[in-house]
Amino acid sequence: MEHSIFPRSLWTNDSKILHHHVADFFSSVQVTQDIPAGTSFGPCVLHNTFYDTIAFIALKSFDKRNKSYVFRVDPEAMKGSPLVVPWLRLVQAAMSEEDQNTEAYLKGGQLHFRTIRDVKEGEELLVWYDEELSHLLGFRDIKAKALTDGYTCTRCGQAFKNENPFLAHCRFLCTQEKVDIIRPINQQKPEVKRHRKVIDFHNIARDLEDKMNTSSFEDTTILRKRKQEPFLTPKSKKTVLLEKTNITNESNTTNANKDCRAFRDLSEPTDNAQTNESKISKNSAFTEVRKAPEPSNPEKSSRDIMAPEVGLQSNCSAFSFVVPKSARSEQKSAFCEPSKRALAEAQNPSPPDTDNSLDSFKSKSSLGYRNVLASHLFPTDLAGSHSGGGMSAPLTSGGSYYYAPEHWTRAIGGQLQSTSSLTLLPPTFTPLGVSVQNWCAKCNLSFRMTSDLVFHMRSHHKKEFAAEAQVRRRREEKLTCPICHEYFRERHHLSRHMTSHN
């Protein structure tokens, strides 16, 4: 018989998979000899497209059974036969525990049958799931609910005489609206719909300006209260990467103000003039950070000049750019290629002044995401790594680095600088505007676009990697044992190993 005589709604839905041949519902299997308890049969390999789930036993469970086909099987003779798979699928499901004489269980990832009591000659095999499979299919929870309400479906109101058809109906065959069977109706939790986050890029700047202008007085009072609280130690601070997601215009501005107030814990108290100046510079989300006046002391070290920018000051906007004081002529961004003059100034700083090196970190009044990733939170000093130890690193603990050079670069051919800050930082950190994400570790070059870096790697370094891999593969083939395929570093080790096979 064909599969098309069933309604389409019964076998196309994933929860109502009644995908079986009609003959299987009206067949029964009887044994021709006595079978003791504990006898196993199988495996029942579900390789057919109509039998791709272990739920086929439950789908054949009904209160009324019509026997149109009777198969008499000798299980002992069928154990080693390839027909063991078809006749196991013909075994009908038991209606209750009293009728059950065989249970289905998993062994080695396959379905097996096992007798739970002595089966006499001519008796029909009736199977149901063991405790493990009943728990996996969710029958335990439905059974606990059925002890109080009886065998009546809470969805469609259909009543059953036996337990197993009721469980199969509630779990797979009920076509009504699905309700939580385990929990009563009056205790069911209402459905909570999640609101999708909508990022409004058009009104970020306008809403941020309006909100921060109205909440300037509130920020001032909160800042005064938090000045009296003890500051966190560097050990208790966590360096985390924060991502801005704007849900709506109102929630965007609210979250922005909360972020700004939260980052004030990391800043040190400054005078009122610096606070007012930083608030004015943060009114717009797309304004540049103003250049600070030249220091009065001409002999001040370049580390004191770069310290506020190494601390990564910015406003609360994700679109603002930082203008490093070491490169005054042009603006720097994480996606722009730095000029040679700015990079030369960053890599060749003047000797620092150790007396004033700690005072350079006091200018931290401006707030932003980059303030969390400031150099005072890392155990490695950023500016001190450019000169290979020539500059002092007062915040370095024990002289150890978290980001070792060999974890970020792979020296093939020429030797790279191991003390460069580009090899000591993760790809998400961009000191002095140098684009680490679009940086070639082999040539020490930075690219403005990621596509340029990809084109550079394919055109300049593809042959080198291919040649190296080919040489390594040939060497491994020569130093590999042809019998046990064990690899050796030296050829005389392989020669000594080959004597063991003789």
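Note: Cβ is positioned from N, Cα and C throughout, glycine not excepted.
Straight from Swiss-Prot, the features:
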type     : residues : note
BINDING  : Tyr129   : S-adenosyl-L-methionine binding site
COMPBIAS : 269-286  : compositional bias 'Polar residues'
DOMAIN   : 8-130    : domain 'SET'
REGION   : 267-303  : region 'Disordered'
REGION   : 338-361  : region 'Disordered'
ZN_FING  : 151-174  : zinc finger
ZN_FING  : 438-460  : zinc finger
ZN_FING  : 479-501  : zinc finger
In three-state DSSP terms, the structure that Tyr129 (S-adenosyl-L-methionine binding site) belongs to:
strand
How many helix, strand and coil residues does the zinc finger (479-501) contain under DSSP?
11 helix, 2 strand, 10 coil
Within the zinc finger (438-460), count helix residues (DSSP H, G, I), strand residues (E, B) and coil residues, in that order.
11 helix, 4 strand, 8 coil
